[in-house]
Amino acid sequence: MKQVAIFAKVHDPRCQGVASELVTWLEERKCLPLVDTHLARHVGYARGLTEKQIRDRAELVVVLGGDGTLISVARLFSSRQVPIVGVNLGSLGFLTEITVEQLYPVLEQCLADSHRITERMMLDVTVTRGDQEISHCQVLNDAVINKGALARIIELEARVNDDFLTNFKADGLIISTPTGSTGYSLSAGGPIVQPLMKCVLITPICPHTLTNRPIVLSYQSVIRITVKSSFDEMVYLTLDGQVGVELQEGDCIEVSRAETTTALVTSPEKDYFAILRAKLKWGER
């Protein structure tokens, strides 16, 4: 019996409806649905579980929603390489590329072990303050260091493999995976990178020096960013746009390739460039 986890945007009626249908569909095929307690309550499923129980037992994951929902699930499963089926019920869909109409044919392939998977690189992000580790997390998209609401720049020292890169004076800095290249990094002027490439991007946000440009580094790079000066202003580290860490002057953020990857089940009817054309409206006037 295959154990299939279901995650969804809990308060979205459409996601609730698809989740309820999916529970029935899985049970008819002798699969065990794994549903967290919040979603279970909304879809009338009696056997709700904790996220930890689901993470430890799932053999396949279905995410109903948008890219944000999938990214949070990817972090939850960062310690396990479980195939994730991302179903687009949100607005973006760079990651959740499978439509509702494709969901059940794709799941049939998954149950028959004939599905296609792409492995997406993740980043390991650690924050140290003096000798103390204050935060550790894996991210699928990016780690962003930025300032608070006041309009002053911050100074960040960047080192790559212990070699000095530069001091960035900017509104902030984005360190992203190839998957994250179409997120915040793209909005800040970073390049689009094919998601299966192995590399890390550093993209400054509104740098004070115009020659501070985005840079693409080897996936083997270890990047260390030190908060040099914040002008008495709050500085934050945001992980995948969902988890926040308050930083102080002198804090060090170390970023390197994570040992695990996110395994995404791909749509049989789409390719990466088709998704780019659709989402970025290339060729339209």
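Residue positions begin at 1 at the first shown residue.
Keep in mind that glycine also has a Cβ here, set from the backbone N, Cα and C atoms.
Swiss-Prot lists Asp67 with the feature active site, proton acceptor, giving sequence analysis as the kind of evidence. According to Swiss-Prot, the NAD(+) binding site annotation covers Asp67, Gly68, Asn141, Asp142, Arg152, Lys169, Asp171, Thr182, Gly183, Tyr184, Ser185, Leu186, Ser187, Gln242, on the basis of sequence analysis.
When the Cα positions of Asp67, Gly68, Asn141, Asp142, Arg152, Lys169, Asp171, Thr182, Gly183, Tyr184, Ser185, Leu186, Ser187, Gln242 are compared pair by pair, the longest gap among these NAD(+)-binding residues is 31 Å.
Within 10 Å of the C-beta atom of Ser187 (NAD(+) binding site) sit 11 other C-beta atoms, taking all shown protein chains into account. Under the DSSP three-state reduction, Ser185 (NAD(+) binding site) is assigned to helix.
In this structure, the residue listed as 'active site, proton acceptor' is part of a helix by DSSP.
The recorded positions Asp67, Asp171 differ in how many other CB atoms lie within 10 Å of their CB, and the one with the most is Asp67.
Highest Cβ count within 10 Å among the binding-site residues Asn141, Ser185: Asn141. It is 10 Å from the Cα atom of Gly183 (NAD(+) binding site) to that of Asp67 (active site, proton acceptor). Ranking the binding-site residues Arg152, Gly183 by other CB atoms within 10 A of the CB puts Arg152 at the bottom.
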